[in-house]
Every structure is written in structure tokens, then in C-alpha cells.
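Engineer: Once you've had a glance at the structure underneath, I'll fire off some questions.
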Amino acid sequence: MQESQYKEKAIIGTGLITTSIGGFFFLRRFRRISNASTIPKNYLNNSTVENRKYKTMFGYVTRVGDGDNFRFYHTPGGRLLGWHWLRKVPCSRSDLSNETISVRLAGIDAPESAHFGKQEQPYALEAKEFLHNKLYHKSVRIIPLKIDRYARLVAGVQYYPIPHFFWKKDIGPQMIRKGLAVVYEGSDGVFCPTKKECLLALEIVAKKKKLSLWSQGKKLILPSVYKRGV
């Protein structure tokens, strides 16, 4: 009798320990990250890592700022953990305050929007509209790479052309292909998941076709040059 009770208690104890450990790892894996300052360092990928080893974050785009940045609300686990049907993403700016991550697209540079009293560059609006149409109020998967000097998360960004399907596309090459952005040339550039060489090849084609910003010919001022004058 005592032996039976002992075994029963041992089984219950083992079950509680296993559940506790499982719960700890579950909460750790699916913990929501509210802003860039709370992103763990081990979330940041080396851009040379193999595709299958990328650490990614799944979330929802709440606002598009310009042609190469947006606000990202982290929804770990997506619909499987109830997001958008049991758990709602806040809508108002006050509710979203300090709850979203500012994301800068890795590997590309879009025309500059108007700020600091300076006019926007040609095709800045078109670049923003393209990004808005692809990402706004949609779920995306990002590949975190680094935090830049403006406290933005620089990341590769993959969107879903067909909502709720697993097939996804890297947004950066789409913008390069249409002439709505150029390849980022700064020494601090990071490229993921599409490599710099592939982006440069797409840029050459867009330039030859004189698409969008490349239609300006010799009047073109690269975003990096324009920013230095701000």
C-alpha cells in the first residue's frame, strides 16, 4: 500500500516538474517582445548564417512610415496562439504606444520622405505606397539582424502574397526590381535573406530599364547622398 502511494506521488511530482519545465520553455519561446529595447541579443542573426538557422519573429504591421521602415507588433505563435481571433492587436495609437518595434528594411535604401523642412525625393511617395500596399495591416515574418543608431531593428522582411498560406517573399528585392529602392551601400549594411550580390543584379536590370527612380538619369540623387544634405 505504502509503495503504491509512493509511486503515485512520484508520478504526480514528475508530472508537475515536467509541466513546469515545459511551461517555462513555452513562455520563453512565445514571449511577446514589445519594443526594440527589449529584444534579446540572441535574437539578432548574423547575416551570413544559413537560411534554415535564422531566428525569426512573426507579427503584424501597424503603420508604414516611408519606403523602407514600418512599425511591427510582435504576435508570437500567430493565429495558432489566438492572435486576431482570441487575442486582438490594438488599433489606437495610444494603445500601441511603446508596444511596437520600429523596423528598418535590411539591404535597401528607398527615396527619402519630406522631413526637417526638406522636400521629399522623387518616387518617395511611390515607394511608400508600394510598401504600404504589401505590408500594412498584414502579418509578416522578420529576420532580426541588428539595432541601428536610431534604435530601429534592421531586419529582413518576408510577407505573404496569399494571406494565411506558408509561401512568403522577401520584400526588399521586390522594391529593387521595380526601381523603388537602391541597394544599401553603407559600410554598416546587412543583407538577409537575399544576398547583396542578388540585389545588385536586380538593380542593374531596373537601371537598364530606367524604372521609377532610374528614369531620372543624371538628375538622380541617391538616398544616401540626399541624407547627407539633410
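Backbone N, Cα and C define each Cβ position, glycine as well.
So Swiss-Prot says this about it:
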type     : residues : note
ACT_SITE : Arg104   : active site
ACT_SITE : Glu112   : active site
ACT_SITE : Arg152   : active site
BINDING  : Asp109   : Ca(2+) binding site
DOMAIN   : 55-216   : domain 'TNase-like'
TRANSMEM : 10-27    : transmembrane segment
Engineer: Can you give me the same-chain residues 6 or more apart in sequence from Asp109 (Ca(2+) binding site) with a CB-CB distance under 8 Å?
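Structural biologist: Expected: Asp68, Ala181, Val182, Val183, Tyr184, Glu185, Leu222, Pro223, Ser224.
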Engineer: Can you see whether DSSP assigns Arg152 (active site) to helix, strand or coil?
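Structural biologist: The three-state answer is coil.
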Engineer: How many neighbouring Cβ atoms, not counting its own, are there within 10 Å of the Cβ of Arg104 (active site)?
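Structural biologist: For Arg104 (active site), the count of other Cβ atoms within 10 Å is 20.
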Engineer: How many Å lie between the Cα of Arg152 (active site) and the Cα of Arg104 (active site)?
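Structural biologist: It is 6 Å, counting Cα to Cα.
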Engineer: Looking only at the domain 'TNase-like' (55-216), report the model's average pLDDT.
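Structural biologist: Here the mean pLDDT over the domain 'TNase-like' (55-216) amounts to 94.
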Engineer: Taking every protein chain in this structure into account, which of the active-site residues Glu112, Arg152 has the most other Cβ atoms within 10 Å of its Cβ?
Structural biologist: Glu112
Engineer: Cα-Cα separation of Glu112 (active site) and Arg104 (active site), in Å?
Structural biologist: 13
Engineer: Using DSSP reduced to three states, classify the residue listed as 'Ca(2+) binding site' as helix, strand or coil.
Structural biologist: strand
